[in-house]
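Trainee: One structure, pasted below without further comment.
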Amino acid sequence: MKASIALTAIAALAAKVYAVPPSCFSLKLGYPCCSNASTPSVYEDSDGKWGVENGNWCGIPEQVKVCWSEKLGYPCCTSTSVSVFEDNDGKWGIENGNWCGIINGPTPTPTPTPKTTPNPEPTIDPTQYKINGNPFKGVDFYLNPYYVEEVENALNNLIDSSLRSKVEKMKTFSNAIWLDTINNMQSWLEPNLKGALAQHQSTGKDVLTVFVVYDLPGRDCHALASNGELLANDADAQRYKTEYIDVIESHLKQYTAQPVVLIIEPDSLANMVTNLDDPHCSQSESYYMDGHAYLLKKFGVLDHVAMYLDIGHAFWLGWDDNREKAAKLYKKVIDSASPGKVRGFVDNVANYTPWEDPTLSRGPDTDWNPCPDEKRYLEAVKKDFTSAGIKSVYFVSDTSRNGHKTDRKHPGEWCNQTGVGVGARPQASPVSGMDYLDAFYWIKPLGESDGTSDESAVRFDGYCGHDTAMKPAPEAGQWFQAHFEQGVENANPPL
Ligand code: BGC
C-alpha cells in the first residue's frame, strides 16, 4: 500500500460516514474497509483494490457472493461470468452443460413466481428456421461457454500478466464447438442448442451455433496427433452411424428454430485426395466415403442446417493437380448424398496459412503452387469446383490462428507453431467483391493444442517435435497456455 499517494484532492469527495462492512483485506494492514463493493477503485496493488472514504484509504471488499440460483434448483457458476441469458432472478451462465447462476449478478429479488420466460429449459420451439443463403449473415453468433471457461482459467494462470485485458476480450468472440468424441457430442450438442434457443427467446434475435463433426472411423489417417476413438472397421463404422450421427440428427431435429452450421470432418477428404498411398488412409477410404454419404443425406435435408466440407488449406490442395483431383472427389461425395444439400467448403481449419501473403511465403516443396495464401486458394477452388459441376460453392475460412506469419520454414508444418497470432475476428461476408466467402470464423479454438510433444505418448506425431512446434505441448485439444498467450500477443488485428 502506497501511503505516500496524496489524498488531499480526493478527501473532499468523501462526506458520508458509512457502516463498516464485515471484513476485507485492508483491516490487517491498518486501514478500514470501504463501505461497499462498488466503491470506486482509485488504486490497486498486490493487496487488493483501494478506495477513499472520509479522506482515508479503505480496502474495497469483495462483492458479497450470493448464490441466488440455488434456491431455484440451479447451482452457482464457479468459473464463468459470461451470461447467456438474463431474467428477473439474475444472470445465467452455462457450466458443464448445465445452467448456473452468475454470483456477482444483480442481488436477487424476493423469490419470484414460477419461472415463465427466463427459462434455462427453454420451451422447445417447433418453428422451422430456413437458411436462405449465407447462414452467418444477420444473426448473432453463439458464445461457446466451454471456451469462455477455458479463457477464464487462462486468466487465472497468466504467464504474462500484461496480456490480461487482451485475454479478457477473447471471451467475447465466438468459436466452433468440437464434437470430437461420442461423449463430448453428448455433453456439448444439446446444451448448446438449448443455450442458443434460450438466448433467442430472451433477445428475439436469431442465434447461430457452429459445431464441428469430427469422429470418423480411422480419423486423422495420415497423422497421429488426432487419431480418434473409432477405428477403420465395420463395427466402428456402425457405431459412427448409430451412436454419433443418428444422435446428432435427433437433436438437430428437435431444435429447429435456430440456424446451425456444421463443419464436416476436418482433414478427411483432403487425405483422400493426396494420401491414399498411406495404408491407414486407404484402409479408411470406404469408411470416410460412406460416412460422408450417410451424414450428408441426413443433415442435408434439414432447412436450418448448413454444412461445409473441409478442403484442407492452400499448401495442401492448392497445386493445380491436387485441385483438379479434389474437384472430382468432392463432386462425387456430394452426389452420393443426394438429396442432401451442402452449402460449401471450409478451409484452413486448425492451420496457420495467412489469408493474404504478398510475400508468397514460398519455401522448399512449395514451388509451382499458384495458391500461396488462403485467399488465392479459395479463388481457385471456386473456379474449379464450379466448373466441375458443384452447384453450391461458398466458403468459411478459419482465421483463429493465421493473423501473424508463424516461424515455420515450411508451410507443411501444422503442429503448435511458434509465432502464432489470432487472425480476423468472426464475421459474415468479410471481403468485398468475394460474395462467395460466407464468413471468417474461429473453428480451431486458439489455445487448444494440435498434438502432444511427449515422444513417449501413443499419439505423438513427429511434426509436434519439429523446431517450430512449441514445446512442451499437451495432447491435441488440451489447453496450451503458452501457445494461447503468444496467439493473443500477436493478434492481428490487435485485440
Ligand atoms: C483435436 C480435438 C479437439 C480439436 C479442437 C483437434 O486437433 O483432435 O480433440 O477437439 O482439435 O481443439
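Glycine is no exception: its Cβ is also placed from the backbone N, Cα and C atoms.
Take a look at what TrEMBL says about it:
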type     : residues : note
SIGNAL   : 1-19     : signal peptide
DOMAIN   : 23-61    : domain 'CBM10'
DOMAIN   : 66-103   : domain 'CBM10'
ACT_SITE : Asp267   : active site, proton donor
ACT_SITE : Asp450   : active site, proton acceptor
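Context for these features, please: burial, neighbours, distances.
Mentor: Per-residue confidence over the domain 'CBM10' (23-61) averages out at a pLDDT of 78.
Around the Cβ of Asp267 (active site, proton donor), the number of neighbouring Cβ atoms within 10 Å comes to 25.
Residue density at Asp450 (active site, proton acceptor): 28 other Cβ atoms are found within 10 A of its Cβ, drawing on all protein chains shown.
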Trainee: How big is the Cα-to-Cα gap, in Å, between Asp450 (active site, proton acceptor) and Asp267 (active site, proton donor)?
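Mentor: About 13 Å separate the Cα atoms of these two residues.
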